[in-house]
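To keep things clear, I will list the structure first and then write my remarks on it.
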């Protein structure tokens, strides 16, 4: 069953459910991608920093293309430019590395992963002596211009942003000749992102939700944090509709026309996550789920400095999460 799609301003159809691959280990991700394709997924979300693009590429080579299970034009593949590759000279080589790893001739969507740049080079997390990150002064507007050249060369069909706030999106729009088509951010009922979604939709951007299930498998999880999949409203709806809590969270998003990229390597869950197009919540039920919002952000990159866990980039002038949205 092919997932329903949203139409990007480029004319591309982007499936509302994709397979997320963050934290999918090499050794497991190839089988997950092959299984997802076999049950109807047509959207795979990747990133250079996830360290598993070569293995995803093996799956794509086996199953995608002329005479194979999935025609290339039916598949939507996203990847992301890492923070160490923001310098305009580094953008095309970074993309070409991703294309080589994924064994593709073009990407459907290429995102700037974060608004700020790290020091150039091959160390993905360059550090100062005190353990803090070494940043680079390249501004995202310069990076954007280099990304636009990739579209002109036919290497990328659409561009987008990840982890940008509303002000930064408008900043990009002020210089863009190729307008961003998608914003990818953390989003789930605890972090509903209503203002940011409205901001994007008013400007012709679609929104992709990462960690749509609340990302309880993160290494730095706080034992006291709320668990979205155990929320009583979610459990009650799961019982009513005979669905899993995960399916309830995903249905809420697709009913708002928000794209979701739940990560799984478990076949039963991969299958479950795409089966969210055959039931519909009432307006009242949508309201109940909307009411869970507490602006709770699970994904804040952390560092240990002097034995304490601190937000890694919060002091950077381009850090996106200091603004209201």
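Placed from the backbone N, Cα and C atoms, the Cβ positions cover glycine too.
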Swiss-Prot annotation, phosphoserine - which of 38, 174: 38
Feature phosphoserine, as given in Swiss-Prot - residue among 211, 282: 211
C-alpha spacing of residue 50 (active site, proton donor) relative to residue 272 (NADP(+) binding site), in angstrom: 24
Minimum Cα separation from residue 213 (NADP(+) binding site), reported as the residue among recorded positions 50, 80, 127, 145 that achieves it: 50
Cβ neighbour count (within 10 Å, all chains shown) around residue 213 (NADP(+) binding site): 22
Among 80, 145, the most crowded of the recorded positions [Cβ within 10 Å]: 80
